[in-house]
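Features as listed in TrEMBL:
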SIGNAL    1-23  signal peptide
DOMAIN    33-117  domain 'G-protein coupled receptors family 2 profile 1'
DOMAIN    132-383  domain 'G-protein coupled receptors family 2 profile 2'
TRANSMEM  134-157  transmembrane segment
TRANSMEM  169-190  transmembrane segment
TRANSMEM  210-233  transmembrane segment
TRANSMEM  245-266  transmembrane segment
TRANSMEM  286-310  transmembrane segment
TRANSMEM  330-350  transmembrane segment
TRANSMEM  362-382  transmembrane segment
Amino acid sequence: MASVVVQAALVALLLPMIPAMHSDCIFKKEQATCLEKIQRANDLMGLNDSSPGCPGMWDNITCWKPAHVGEMVLVSCPDLFRIFNPDQDMRVVSRNCTEDGWSEPFPHYFDACGFDDYESEPGDQDYYYMSVKALYTVGYSTSLVTLTTAMVILCRFRKLHCTRNFIHMNLFVSFMLRAISVFIKDWILYAEQDSNHCFVSTVECKAVMVFFHYCVVSNYFWLFIEGLYLFTLLVETFFPERRYFYWYTLIGWGTPTVCVSVWAMLRLYFDDTGCWDMNDNTALWWVIKGPVVGSIMVNFVLFIGIIVILVQKLQSPDMGGNESSIYLRLARSTLLLIPLFGIHYTVFAFSPENVSKRERLVFELGLGSFQGFVVAVLYCFLNGEVQAEVKRKWRSWKVNRYFAVDFKQRHPSLASSGVNGGTQLSILSKSSSQIRMSGLPADNLAT
């Protein structure tokens with residue numbers, strides 16, 4: 001059961017990819033319906049535990065009604081298999097009721113329905129899903145810590161306040177909100193190791209899902225803003241950055257607000273079931289999925305355009321250097337842009353939901369959770385401008401500290417009176433500058 005709950009949590013995180021209901025919730029609903037049907041059949045047929053024949057049962061995949069000895073029962077493939085394999089030619093599965101009980105299903109579910117996820121051992125599934133959950137938990141935690149540190153640095157130093165860094169800061173905030181929303185969603189919906197979330201329908205859990213979707217969509221749009229800003233910077237000669245920044249902010253935070261609000265209203269009126277963590281209605285889901293996939297693909301086009309511009313600039317005679325150094329700089333620039341633009345999301349953007357589910361979980365949740373960490377390192381901690389400013393402040397602090405200690409040693413009476421070295425140093429500096437300024441007219445007259 002633990003793997004079922006963890007799998008539901010993982011699938012819910014693949015925002016732009018999975019439009020279907022969680023598999024565990026489908027089975028829960030199928031099981032509840034099956035037990036009701038079996039009870040009605042027993043009442044109609046007057047059967048009890050001691051009656052001959054084969055009792056009705058739920059085999060964790062599909063429902064089998066009560067049958068007499070020698071009777072063959074035919075059932076269709078479960079709905080879940082149809083969701084993951086819509087183009088598969090579904091057949092029926094049969095069981096014979098014998099004196100020893102039910103026979104094995106024929107043909108097997110894999111042969112009849114084309115679905116083999118249940119062939120793996122439960123222990124292997126538990127280990128796999130728990131490993132992925134642990135990986136993205138570490139990834140989002142690491143990203144949250146590094147992004148918070150980067151935000152403090154960019155906010156603390158005024159010389160780093162510019163349009164480019166303001167856009168970086170908004171992207172950092174979107175990554176931080178995404179990580180926080182993931183932790184809140186896991187805590188609210190999947191804290192208990194059961195499938196009760198399938199039947200929870202409270203205002204609180206719906207609000208959590210709305211907040212989660214808003215944070216994720218905002219993150220995608222700020223990745224798009226980063227690409228749009230850099231592309232505009234390269235192609236336009238005169239670029240009013242501050243005026244553009246207003247529109248960037250409006251797109252980055254406003255567009256997700258509109259999309260998620262429209263989706264929430266449609267869910268409320270047309271599909272108000274569960275905790276809104278399942279998406280049966282594909283049309284409604286495209287209200288969120290469409291803008292996200294669109295931003296991914298536009299960012300990919302911008303990425304290609306920027307690479308073309310970089311190739312042209314690096315090959316110009318003014319750049320200098322040999323061919324190997326040009327390609328080295330191009331490769332370095334490309335690798336730096338991939339995490340900033342979120343290009344890795346294009347790998348599975350249009351692939352069918354049933355293709356490479358395990359690989360997608362590892363790639364998008366495991367590795368994607370570290371994207372905030374990578375962006376913070378590349379565009380803050382390894383940024384030359386940031387490093388220079390931090391070093392300058394560090395040297396200034398060391399100099400002030402040195403003079404403060406030296407002043408206390410030379411003038412203990414003043415130090416004990418509450419005047420520190422830094423204050424006295426500033427007083428001396430102001431006094432000396434005033435003396436120099438007052439002496440300027442006399443010098444000029446003398447000459």
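In case you wondered, yes, glycine gets a Cβ from its N, Cα and C as well.
Here the transmembrane segment (362-382) sits apart from the transmembrane segment (210-233); fewer than 3 CB pairs are under 8 Å, leaving out pairs fewer than 6 apart in sequence.
Long-range Cβ contacts of the transmembrane segment (169-190) within its own chain (Cβ-Cβ under 8 Å, at least 6 residues beyond either end) map to 5-6, 8-9, 12-13, 136-137, 140-141, 143-144, 147-148, 150-151, 154-155, 197, 200, 204-205, 208-209, 211-212, 214-216, 218-219, 221-223, 225-226, 248-249, 252-253, 275, 277, 340, 369, 371-372, 375-376, 380. Here the listed stretches are 134-157, 210-233, 286-310, and the one with the most C-beta pairs under 8 angstroms to the transmembrane segment (245-266) is 210-233.
DSSP assignment over the domain 'G-protein coupled receptors family 2 profile 1' (33-117) gives 25 helix, 21 strand, 39 coil. Averaged over the domain 'G-protein coupled receptors family 2 profile 1' (33-117), the predicted model has a pLDDT of 79.
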